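Positions annotated as region 'Disordered' by Swiss-Prot: 1-46. Under the heading domain 'C2', Swiss-Prot lists 46-170, citing sequence analysis as support. Feature annotation from Swiss-Prot assigns Ca(2+) 1 binding site to ASP84, ASP90, ASP140, ASP142. Here Swiss-Prot flags ASP84, ASP140, ASP142, ASP148 as Ca(2+) 2 binding site, drawing on sequence analysis. Annotation comment: Swiss-Prot describes 324-856 as domain 'PLA2c'. The active site, proton acceptor annotation in Swiss-Prot covers ASP700, and the record cites similarity to another entry as its basis. The annotation region 'Required for localization at membrane structures' is assigned in Swiss-Prot to 857-868 on the grounds of experimental evidence.
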Amino acid sequence: MSLQASEGCPGLGTNVFVPQSPQTDEEGSRSGRSFSEFEDTQDLDTPGLPPFCPMAPWGSEEGLSPCHLLTVRVIRMKNVRQADMLSQTDCFVSLWLPTASQKKLRTRTISNCPNPEWNESFNFQIQSRVKNVLELSVCDEDTVTPDDHLLTVLYDLTKLCFRKKTHVKFPLNPQGMEELEVEFLLEESPSPPETLVTNGVLVSRQVSCLEVHAQSRRRRKREKMKDLLVMVNESFENTQRVRPCLEPCCPTSACFQTAACFHYPKYFQSQVHVEVPKSHWSCGLCCRSRKKGPISQPLDCLSDGQVMTLPVGESYELHMKSTPCPETLDVRLGFSLCPAELEFLQKRKVVVAKALKQVLQLEEDLQEDEVPLIAIMATGGGTRSMTSMYGHLLGLQKLNLLDCASYITGLSGATWTMATLYRDPDWSSKNLEPAIFEARRHVVKDKLPSLFPDQLRKFQEELRQRSQEGYRVTFTDFWGLLIETCLGDERNECKLSDQRAALSCGQNPLPIYLTINVKDDVSNQDFREWFEFSPYEVGLQKYGAFIPSELFGSEFFMGRLVKRIPESRICYMLGLWSSIFSLNLLDAWNLSHTSEEFFHRWTREKVQDIEDEPILPEIPKCDANILETTVVIPGSWLSNSFREILTHRSFVSEFHNFLSGLQLHTNYLQNGQFSRWKDTVLDGFPNQLTESANHLCLLDTAFFVNSSYPPLLRPERKADLIIHLNYCAGSQTKPLKQTCEYCTVQNIPFPKYELPDENENLKECYLMENPQEPDAPIVTFFPLINDTFRKYKAPGVERSPEELEQGQVDIYGPKTPYATKELTYTEATFDKLVKLSEYNILNNKDTLLQALRLAVEKKKRLKGQCPS
């Protein structure tokens, strides 16, 4: 990887080395130096910027990067819009820069003035390698009702030139000549360079641990001593109660072993605040208490290992010691596959090569680089998908094709089949019929006892214990327990990480379970992100951030594990993966109507870019990825209330966000890996992306696209052949069509869509390939339809007149027993669907073998094109 210096930029890029990496050309790319119409700069003629140590964007790399001092001077506004019809605006400006501090600062309020002038300055310490976007919110102060939020300006600080004053006039409403005038100054910080870890999208900053011990100055009974309320702003813990003790404290004493710990970013200008207990005094019959204000102490003056003593009133002392946290992260920042998965693939290749030689009757063994990566991709559909998947897998097993697959991906009801099978470490090498018989026993049994009072009391106790462990209990956890009782006889202690036993020798395909990460108050149209689970890791492929599966649900800060929580039992994961209750009303409307844009647009905030061409062409342009300056105007009270109702998710699954504290790299939008999955409105608003959220809100993928393709389309996996098993209700081709459209928009190699949309004209199997695109996978598509099965009970074996009734499988009729909402089937209904699915696989053996040959030939052809 070569390094190049950015040329001719007086801003943050001067003398800074940046890694050269592949980029994708996107329409509307926001690269380039641009100024507002009234933007000006003033050179302060100060010395050069210290160099930056290079950090590679595709791996997890460390490097040193300087911090800078930012001064923001809010000067004035002109022609402020009126929030109230009867009076002028009581205007103030709020400043929020979450990459420097979570605290919002504000100017004073100037009442009844259309042209307020503040001339107030605010200081921040910022890190030059993260995307710093300042939010300037103009508000109208109200004494009785909540303040009115008039608008917010989003300003990318990458535009600022180092050691140059930048004077900006933001044209907020050109028609009304409304204008906000602000001045920026970026200077050197006295702090030493900060150690960063980054993958080119996310950045982990330096973290310290503050140990706090309280000591009582006076001898008193322990029961009379009061806890001290200690807060460290910007820390993970924020506020803790510290119990004072009587023993003297030193750095090596046992006191610090039981001290309260606060994890905080070292260069965030954090402060410790201590609430002073009330002091009581009496005079005769009168007894009074007196409370003093909190005591504050900046932490930037506290050196590593140094113990600082802070007097707290007359009765207590606070002893504090700061130690650096390990630079090694517990979150893996990187886009490559984890070592455990790479090791599995090496073992699985041996199994696949042997199976392909037997199935295709090859004369010679396949070389390691000639073995295609074959995957089975299942969609969702409740009990229908679970049942049908058993039949499909049985058919593949009878054709000896299960050993040819390296991956199985699924969502929703398909995960019920996958999780059940992977309880057996050798399931794919055993006859599946006993497992299918066991599944039938549970599908046909009465589900009502699962809701009896004694069972509900057990659920309540389970959920209470889960809450005590540290999880946020939601309705989907109850749904997971219900699935467990409906599909099993007893409590299942298995966990996702336990499925590694089924992969230890490469004996089974690697299972990947897919969900989407959403926001509680945002429609899926505006925001959703692919979130994958495997026995090895869980994570978000867009950010290149993964954690071991046994740590999912634990608490992290800045990439470091700060509180471990016991791993969830698999039933809770099943509730999450098939969380059919997590839809909000707007998403439900979008799924059932074609006119969703009316409600979607009407309830949205108004967003507009306000920057024009620069008037100072002599100022050089920066190569950094700069966001346009944007004005966000909130919706009306009515539209906000309506949207709040429409987008509220009552039963969404919430888990602690393992990206908490991490920040976005200044060039995250230019990163090709991020761009590959950048598909939502909020991707250009870094302060609103997942790293800034406290919790992950995970949802059944079927509410967006009912397919589990994305994990297989990662360039690190690069599947050569995907066997698409479809189980959705309604249009059988819709998930495939949506995937094709999505891949076209995202420039992801995928075969072209050329199938009829009507279910009546569909065949049992389609072979799709794109010879013009060598990186596109071959796809064999199996819609869930009843075609030749009506007349044939096995390939080439016709049904007798008495057996014709067995071929009548009503999958999608108005009275179908296979509706997604149905959890219980009759034995005959279950058997028909399993046999239909098995038949459709067996009857298309030739198409499957053709696809396998094409995959092998493609692999050999690509090998021949590679230089030796």
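Heads up, the Cβ atoms here are built off N, Cα and C, so glycines get one too.
Note that the coordinates shown come from a computational prediction; the quantities given were computed from them, not determined experimentally.
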### Message
Just to be sure I understand the packing, how many Cβ atoms besides its own are within 10 Å of the Cβ of ASP142 (Ca(2+) 1 binding site)?
### Response
12
### Message
Rounded to a whole angstrom, what is the C-alpha distance between the residue listed as 'active site, proton acceptor' and ASP148 (Ca(2+) 2 binding site)?
### Response
36
### Query
Around the Ca(2+) 2 site recorded as ASP84, ASP140, ASP142, ASP148, what other same-chain residues have a C-beta within 8 angstroms of the site's C-beta center?
ALA83, THR89, ASP90, CYS139, GLU141, THR145, ASP147
#### Entry: Between ASP140 (Ca(2+) 1 binding site) and ASP148 (Ca(2+) 2 binding site), the C-alpha gap once rounded to whole angstrom
5
### Message
Taking the Cβ of each of the binding-site residues and counting other Cβ atoms inside 10 Å, which one has the highest number: ASP84, ASP90, ASP148?
### Response
ASP90
## Note on the structure
Fewest neighbouring Cβ atoms within 10 Å among the recorded positions ASP140, ASP700 goes to ASP140
## Note on the structure
DSSP, reduced to three states, assigns the residue listed as 'active site, proton acceptor' to strand
### Summary
DSSP puts the residues of the domain 'C2' (46-170) at 3 helix, 65 strand, 57 coil
### Cα-Cα distance linking ASP148 (Ca(2+) 2 binding site) and ASP142 (Ca(2+) 1 binding site), given in Å to the nearest integer
7
## Note on the structure
Here the Cα-Cα span from ASP90 (Ca(2+) 1 binding site) to ASP148 (Ca(2+) 2 binding site), rounded to a whole number of angstrom, reaches 10
### Message
Measuring Cα to Cα, how far is ASP84 (Ca(2+) 1 binding site) from ASP148 (Ca(2+) 2 binding site) in Å?
### Response
9
### Local confidence of the prediction over the domain 'PLA2c' (324-856), expressed as mean pLDDT
88
